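K.L.:
Got these off TrEMBL a minute ago, pasting:
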- GLU167: active site (ACT_SITE)
- ASP107: Ca(2+) 2 binding site (BINDING)
- HIS117, ASP119, HIS132, HIS142: Zn(2+) 1 binding site (BINDING)
- ASP124, GLY125, ASP144: Ca(2+) 3 binding site (BINDING)
- HIS166, HIS170, HIS176, MET184: Zn(2+) 2 binding site (BINDING)
- 55-211: domain 'Peptidase metallopeptidase' (DOMAIN)
- 1-28: signal peptide (SIGNAL)
Amino acid sequence: MASSKAFKTTLFLGVVLVVLSLFPGSEGCWAEESYNKTQHRIKFHKVSRYSFFQGSPRWPPSKRNLTYKFLTGFPTNGKPPVASACGRWAAVTQFTFTEVPSSAPADITITFARLSHGDGYPFDGPGGTLAHAFAPTDGRLHFDADDSYVIGAAPNAFDLESVAVHEMGHILGLGHSNVVQAIMYPSISSGTVKKELQADDINGIKALYGF
């Protein structure tokens, strides 16, 4: 896909479970920040090289066909990369992903947000946090509208599908991996396309769900 198409948009959404942050040197890191209603930080349970959230939350057996929707304002050219990210996880699991209209109920909601957006964990403008995602079964995922996303690779910008594949791993219940090549490794550089699931990612999701 072309690497020159950059897009930005805006919207709103919820509470942070996993955060992708951009630090000096144009490298994004998925920071281990976790929150819920009763405690401000949740430790991750490490299993081999991949990891799960504490308590290993997962989607129930009745939820193998996960519906997802883009909230109003999501850029049209950003939807195919996210759909492709879902397809990568579907190919190695028993999950299927079905897009539904923005007005319909959905298991997963996807949007862009800017600065303070109603969840108590505001984005920080260009060059900071890139994305939030939630562990099962909340299903919310959103991207910082002030950061630069592209379809493909471009200097000083982030490939949307690469970020989406990682965040969908969190949506399904995976924490971070210490395997550098893994999608769930906690950092990514700008100008990089990294969207192919690795053995560690696949082993992790299969271990979590018993596939």
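Here the Cβ of each residue, glycine as well, is placed from N, Cα and C on the backbone.
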K.L.:
According to DSSP, folded down to helix, strand and coil, what is HIS170 (Zn(2+) 2 binding site)?
P.N.:
helix
K.L.:
Counting every protein chain present, what is the number of Cβ atoms, excluding its own, within 10 Å of the Cβ of GLY125 (Ca(2+) 3 binding site)?
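P.N.:
Step by step: centre on the Cβ of GLY125 (Ca(2+) 3 binding site), count other Cβ atoms within 10 Å, giving 13.
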K.L.:
Taking the Cα of HIS142 (Zn(2+) 1 binding site) as the centre, which of the binding-site residues listed as GLY125, HIS166, HIS170, HIS176, MET184 lie within 10 Å of it?
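P.N.:
Checking Cα-Cα distances against HIS142 (Zn(2+) 1 binding site), none of the binding-site residues falls within 10 Å.
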K.L.:
Pick out which of the binding-site residues HIS117, HIS166 has the most other Cβ atoms within 10 Å of its own Cβ.
P.N.:
HIS166
K.L.:
Along the domain 'Peptidase metallopeptidase' (55-211), what average pLDDT does this model show?
P.N.:
92
K.L.:
Among the recorded positions ASP107, HIS166, GLU167, HIS170, HIS176, whose Cα is within 10 A of the Cα of ASP144 (Ca(2+) 3 binding site)?
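P.N.:
Those near ASP144 (Ca(2+) 3 binding site) - Cα within 10 Å - do not exist; the answer is none.
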K.L.:
State the three-class DSSP label for GLY125 (Ca(2+) 3 binding site), counting H, G and I as helix, E and B as strand, and everything else as coil.
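P.N.:
In three-state terms, GLY125 (Ca(2+) 3 binding site) counts as coil.
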K.L.:
Please report the distance from the Cα of HIS176 (Zn(2+) 2 binding site) to the Cα of the residue listed as 'active site', rounded to the nearest angstrom.
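P.N.:
With the alpha carbons as reference points, the distance is 10 Å.
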